[in-house]
Amino acid sequence: MEKKPEKRGMIDTWIDKHRSIYTAATRHAFVVSIRDGSVDLSSFKTWLGQDYLFVRGFVPFVASVLIRACKDSGESSDMEVVLGGLASLNDEIEWFKREGSKWDVDFSTVVPQNANQDYRRFLEALMSNEVKYPVIMTAFWAIEAVYQESFAHCLEDGNKTPVELTGACHRWGNDGFKQYCSSVKNIAERCLENASGEVLAEAEDVLVRVLEHEVAFWEMSRGGQ
Ligand SMILES: Cc1ncc(CO)c(N)n1
């Protein structure tokens, strides 16, 4: 039986083109070590502390995406999708705090490492009004999708993920989060369909840069301090 060709957008084309960095971001050694159970708990704690700081900086970024969805989008549903993401960050911060006490990580003493600061500076630059809506939506999708793909991998068949880490994996690996990422992707794809060549080039560049920042972010956990 012949299969109907699926509609492929720009993002899928770019992911194919930049497959090696996409795989590096979504199948990083740290994530693979969670899945195979060999994870070093000091690495996990480093990641937890750094990601808590990252998420605090991610909140104003998502808030700015929300404002752009209200102002720049022709589709009223964009705002609802982004608002859902912002609302779940509220739970996420509470989750981090509980997890911090569980693992004895005192967030007030965690110092952001260079990769974290670089990533947050990159997000700040994306909050400028000069950045076009399709570019912002592409970045937003990539940031969320890396975590979704990574942590879903830790829950797939055959995993040996330690039970005390499954909470983290479910946070980003659950079906609701997958659905949300797919909604953000649809928004980005719709915007990219009407974008100029210049905006497309910028969106592709931003996508690759997000993936590079994500790889550098996972790399921090290896320091294990
Ligand atoms: C580094 C990083 N990227 C993405 C997310 C969320 O998707 C997160 N919490 N941290």
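Each residue, glycine too, has its Cβ placed from N, Cα and C.
Residues or ranges marked as domain 'Thiaminase-2/PQQC' in TrEMBL: 16-222.
Other Cβ atoms within 10 Å of the Cβ of Glu92 (substrate binding site), summed over all protein chains shown, number 18. DSSP assigns Glu92 (substrate binding site) to a helix in the three-state reduction. Residues annotated as substrate binding site in TrEMBL: Asp51, Glu92, Glu144.
The active site, proton donor annotation in TrEMBL covers Glu214. DSSP assigns Glu214 (active site, proton donor) to a helical segment in the three-state reduction. Spatially close to Glu214 (active site, proton donor) yet at least six residues away along the chain are Ala25, Ala142, Ile143, Val146, judged by Cβ distances under 8 angstroms.
Within the model, the domain 'Thiaminase-2/PQQC' (16-222) carries an average pLDDT of 95.
Site extent for substrate: the farthest pair of Cα atoms among Asp51, Glu92, Glu144 sits 13 Å apart. If you take the C-beta of Asp51 (substrate binding site) and look for same-chain residues 6 or more apart in sequence within under 8 angstroms, you find Phe96, Phe217. Within the same chain, residues at least six positions away from Glu144 (substrate binding site) with a Cβ under 8 Å of its Cβ are Gly85, Phe177, Tyr180, Cys181, Val184.
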